[in-house]
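Annotation comment: Swiss-Prot describes P2 as active site, schiff-base intermediate with DNA, evidence class sequence analysis. The annotation active site, proton donor is assigned in Swiss-Prot to E3, K58, R261 on the grounds of sequence analysis. Annotated DNA binding site per Swiss-Prot: H92, R111, R152, in sequence order, evidence recorded as sequence analysis. Residues annotated as zinc finger in Swiss-Prot: 237-271.
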Amino acid sequence: MPELPEVETTLRGLSPHLVGQRIHGVILRRPDLRWPIPEQIERLLPGATITNVRRRAKYLLIDTDAGGSALLHLGMSGSLRVLPGDTLPRAHDHVDISLQNGRVLRFNDPRRFGCLLWQSGTQTHELLAALGPEPLSDAFTGDYLHALAQGRRAAVKTFLMDQAVVVGVGNIYAAESLHRAGISPLREAGKVSLARYRRLADAVKDILAYAIQRGGTTLRDFISPDGAPGYFEQELSVYGREGEACKQCGRVLKHATIGQRATVWCGSCQR
């Protein structure tokens, strides 16, 4: 699933091609994605001008002058590309938003876990209402994590992936951040010290910023809007490396399932 760096990479790739463009039309080839596409998409987008493209957590918002924003989530396997308008659709190309300049914003989603919804300009969509702070913001600190974790018995990895705690940190970057901070993913969230949470917050910020710089992580599904892969996969320390040697100490990495998610860590470097 695309995580924050992949969505940020998508945002940065799309924004120069979209902002200021007038929307010519909308084609819905498959309106039943994770949720049905609301009627406002077909009714309000044609004729509207795109005023901004932004990200909140793993969601993209395409702001318009039509009184609201298109709200997109890439799901497990979705991608957005800006293409010449005469590019023939492929399998799983479910939505086209055609632009005044003759190009088209195309949403492809093989598994259909993504979504295209509408957020009124006067309201915050319910999917965004209860989200935690952005991990690269000043609001996300070790002190914040430590205070919120008090009394929590869930594994610290599960805690870190809770979108009400902090947004955009999924399985890949939670595993990598915990390894850099030297914290076992199995440790109870409420038993991690303030000093270690400060290291963890710093690790999250550093790893996410570097992953964005490297264009995200290309595993099975993600490609950037220009079709290029993300290169952070080459930098992974633990994620997807079960049974291999820890790059830090050389010991064999461990594997377990935490919160129904595969987890790899070093039993020596992470305590």
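Note: Cβ is positioned from N, Cα and C throughout, glycine not excepted.
On the structure: features taken from Swiss-Prot.
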{"residue": "P2", "record": "active site, schiff-base intermediate with DNA", "CB count, 10 Å": "28"}
{"residue": "E3", "record": "active site, proton donor", "CB count, 10 Å": "24"}
{"residue": "K58", "record": "active site, proton donor", "CB count, 10 Å": "22"}
{"residue": "H92", "record": "DNA binding site", "CB count, 10 Å": "16"}
{"residue": "R111", "record": "DNA binding site", "CB count, 10 Å": "14"}
{"residue": "R152", "record": "DNA binding site", "CB count, 10 Å": "17"}
{"residue": "R261", "record": "active site, proton donor", "CB count, 10 Å": "15"}
Grab the same-chain neighbours of the zinc finger (237-271) for me: Cβ-Cβ under 8 Å, and only residues 6 or more beyond its ends, written as numbers and ranges. 154-155, 157-158, 161, 171-172, 175-176, 178-180, 182-187, 219
Among the recorded positions P2, E3, H92, R152, R261, which ones place their C-alpha within 10 angstroms of the C-alpha of K58 (active site, proton donor)? P2, E3
The zinc finger (237-271): mean pLDDT? 96
